[in-house]
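According to TrEMBL:
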- 34-258: domain 'ABC transmembrane type-2' (DOMAIN)
- 35-57: transmembrane segment (TRANSMEM)
- 69-91: transmembrane segment (TRANSMEM)
- 112-135: transmembrane segment (TRANSMEM)
- 147-172: transmembrane segment (TRANSMEM)
- 179-198: transmembrane segment (TRANSMEM)
- 233-252: transmembrane segment (TRANSMEM)
Amino acid sequence: MSQFQPIPLSLSKRWQILMLETQTELLKTFRSPAFVIPSLAFPVMFYVFFGLLFNAIGGNPGNAAKYMMATYAVFGAIGPALFSFGADVATDKDKGILSLKLVSPMPVSSYFAARIATAMLFALLIILSLFALGAVFGDVVMTRSQWVLTLVVVLAGTLPFCAIGLFIGLSVSAKAAPAVVNVIYLPMAFLSGLWVPIHLFPNSMEMLANAFPAYHLAQLALLVQGNHAGSPWYLHAGALLAFTLVFLVLSVRQFKRVDNRG
């Protein structure tokens, strides 16, 4: 479909388009309370029920709350990334909005970058909410650099899930996309040790966790605290990079098919 020559745009104009596209995505997203409320509330609610409760009944104040603050931050951050790309891109594709974007003067990169920015904003809100709960009610104590590095790691760690979500959104229909995302998201979260500490799992399940990107992101966040499964950070970072590249390649191939069909 893309038979048109792109219009040359200055860097400032590209930035302006990106900001406008991001604003549009944010407005559209915040007008969908069925997405916004669960995305923001569920990680916080689960952390209150499990992280703070385990911390209250445990013998080491702050330890359980700190551990689960990291894992629930990962759980909360990857959800918007998967759904923003998985469900929303599938909807845009089926409604013809994606095809319209492709033939418009707007760089197609702005469309995807705006979705990444939206997913990261939601992740930021969730992470800061969990940080506040952990610090105020969970006796979580970390250095300033640990707080900042945990935030940066989890935010950057949403990128592999944006790539996974993009592949889903380009591959399935709008009706099927939410179910497909949930079938991947929820079991992966549990098996990666985001809800229950991974060391409580049987050895076989601990080994299985290595197959999931959420596990590797959680381990990087826990490594910042000095509380992780023991593998070097570069193995977890390398695994996340591999997931990102694989699903980006798959997404590019699927995108070309969508473009040709359009």
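For all residues, glycine too, the Cβ spot is worked out from N, Cα and C.
A TrEMBL annotation is a machine prediction, not a hand-curated record.
Counted over residue pairs separated by six or more positions, the transmembrane segment (35-57) shares at least 3 Cβ pairs under 8 angstroms with the transmembrane segment (112-135), which defines the two as touching. Among the listed stretches 69-91, 112-135, 147-172, 179-198, the one sharing the most Cβ pairs under 8 Å with the transmembrane segment (233-252) is 147-172. The highest tally of CB pairs under 8 A with the transmembrane segment (69-91), across 112-135, 147-172, 179-198, is held by 147-172. The list of residues near the transmembrane segment (112-135) in space but at least 6 beyond its ends in sequence, with Cβ under 8 angstroms from a Cβ of it, reads 18, 21-22, 24-26, 29, 39-40, 43-44, 47-48, 51-52, 65-66, 69, 72-73, 76-77, 80-81, 84-85, 88-89, 141, 147, 150-151, 154-155, 158-159, 162, 166.
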